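Feature annotation from TrEMBL assigns transmembrane segment to B:20-43, B:55-73, B:104-124, B:131-151, B:188-207, B:228-251, B:271-288, B:295-311, B:317-336.
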Amino acid sequence: MARFRTWVGIAVAGALTLSLAGCSSTGGKRAEDARKAAAARGAAAVTTPRWTFAMITHSGDGDTFWDIVQSGAEEAAAKDNINFLYSHDDEAQQQAQLVDAAVDKKVDGIIVTLAKPDAMKAAVARAVKAGIPVITVNSGSEESEEFGALTHIGQDETIAGQAVGEELNARGRKKALCVLHEQGNVGHEQRCAGVKETFDGTVQNLYVTGTSMPDVQSAIEAKLQADTSVDAVVTLGAPYADTAVKARQGAGSDAEIDTFDLNAKVAAGLKEGTLGFAVDQQPYLQGYQAVDLLWLYKYNADVLGGGKPVLTGPQIITKEQAAALEEYTERGTR
Amino acid sequence: MSAAATTDERLLRTSPLRRLLGRPELGSVVGALAVFVFFAFAADSFLRAASLSTVLYASSTIGIMAVPVALLMIGGEFDLSAGVLVTSSALISSMFSYQMTANVWVGVGVSLLVTLAIGAFNGFMLSRTGLPSFIITLGTFLMLTGMNLGFTKLISGTVSTKTIADMEGFPSARDVFASTLTVGGVDFKITILWWIALVAVASWILLRTRAGNWIFAVGGNQDAARAVGVPVTATKIGLYMGVAFGAWIAGQHLLFSYDVVQSGEGVGNELIYIIAAVIGGCLITGGYGSAVGSAVGAFIFGMTSKGIVFAEWNPDWFKFFLGAMLLLATLLNAWVRKRAEAAK
């Protein structure tokens, strides 16, 4: 045991020496703090009662996209003097139970995603019956009205895919690869199907293991080596676009890399020209608008969309817009 | 009784062929050849040098972890936390460098210490509690998964790390962990070298050192090993730290190759490492296997997963093909081994 303690001591001492030894004069936390000092967060701008809104999504753990939705919702909540509760579960049954819990808590408004509508139907009906206004976001544009929600805010995945297909046509592409990082995800299939609908060339699907970046890279690389006629690669999530760029290098291909969704690296890639374009559904807007619309409903009985979904995308982002967006992707709101 | 000495089976001279048949990796080598020949015919582009480099890269990222996981399995234990430990290692390195605004090599060093400490924790808990390694490392797996996410969100404010590509020390660290070497006009990833080095070191430890004997002994029969003076606890802690060391290399590759690390990654990879070790001839019950075998297992996995892409089969069936190939390879492996043991 004594020897064990000695080793722990040596390890701690070693770590301290190491951290004192070398500091980086570029990048890192210090650079970020400087940036943050400029953009301070706002406080409540209204004096309405402090209502409680709950948001329940189908997000898995550690999803960048939902992080941005959440940050949009939180900033709107701060402005509207809302007590904002966020919870998520990628299992539909668990998500429905979270909605039930929010109803039991008698919250003043519920924001929910309908990735698996059938499983959510009863829970949403219970909320509506209890007189709690419900807004659906992101997925479920078809079921939203039927389930009794006020409005749906989000992007139609098929329409987003179609926009990609049209953009690929405009760029004169002939053979595209659609990279799906979650086998069996309905939204992903809809996106690739949308691309197929409008694209004049051919589209092939490639399934990769999204939880392992080296696997994603080597799979795309292998595909580009096997089929050298592929001249466009479309990834369905921002983190995979950069990996696709690496795969392109490895395969010595000159295919254009395009992607759904946006993050700091994608914005930088667009600016440098290593990426062709990104199609953004503006997740920040989905969170922000949902909270703001619920507030408007409580305050002023306003509704938006007239029963039709309010679309937050697709917005095609190319080199021109990327430079302006870089700052916002850096702080995690685009 | 001089006749008895000469008939002692341990002193019998065996032919080189017999000895070859007794090797644990033989079945997997035959399996690897079968998979290789199969894809060479099924996919035109499979035999190109660039394609083989891609396959080797895919194999190496699995192989780097399959080597220490195989050693651990020979020592009779499991590690279900190996997959997420790779992600943890990358996250620690990245976030330490970023938050301290330190030279990235400092983060790499801290990550090594912390990762080894997690490995030691697994081994220490195992020896202290006497619970099966399945439970201990399942606990570690869940805790690490939560910590990866929780700490990253707490420290970075988002679920992925910030970029450290513009920080000092990044270029040299990338050279070590994620560079590309050009040999004869073909690009090879440096992970392949790390992989070969790990296999060589692990083989040396297993076959030429006292620690190697200890590993076989504790995996074969722990109580008997303890009775003859093998330091069982130290051996097991060492094996878990070996897995942690592998996770550190794989994690640093992840970080310096992709710059930004997603905190939710790595879940599920632990099974792939175990599969590679099992295909390579390691017995799930311990006491039998080899480092070279784990490399062959990883190679079979790399060939299968990428060969399906090269062959351009319908991707809807991807997982099915993968499963069928793995099952066939393992069955062939088991069959060859049975033959080999019968011939002994």
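Along the chain as shown, the residues are counted starting at 1.
Glycine residues also receive a Cβ, built from the backbone N, Cα and C atoms like all the rest.
TrEMBL entries are annotated by machine, without manual review.
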Do any residues, 6 or more residues outside the transmembrane segment (B:131-151), come within under 8 Å Cβ-to-Cβ of it, and if so which ones?
77-85, 87-88, 91, 95, 118, 121-122, 125, 159, 263-264, 266-267, 270
So which residues does the transmembrane segment (B:317-336) touch in its own chain, when a touch means Cβ under 8 Å and the partner is 6 or more beyond its ends?
26-28, 30-32, 34-35, 275, 278-279, 281, 300-301, 304-305, 308
Under an 8 Å Cβ to Cβ limit, what residues of the same chain, 6 or more beyond the ends of the transmembrane segment (B:20-43), are close to it?
14, 279-282, 288-290, 292-293, 296-297, 299-300, 303-304, 307, 310-312, 325, 328-330, 332-337, 339-341, 343-344
May I ask whether the transmembrane segment (B:295-311) has at least three C-beta pairs under 8 Å with the transmembrane segment (B:228-251), counting pairs 6 or more apart in sequence?
no
Quick check for me: are there 3+ Cβ pairs below 8 Å between the transmembrane segment (B:271-288) and the transmembrane segment (B:295-311), leaving out pairs under 6 residues apart?
yes
The transmembrane segment (B:104-124): which same-chain residues, six or more beyond its ends, come within Cβ distance under 8 Å?
79, 81, 85, 88-90, 92-98, 133, 136-137, 140, 144, 164, 167-170, 172-173, 233, 236-245, 247-248, 251-252
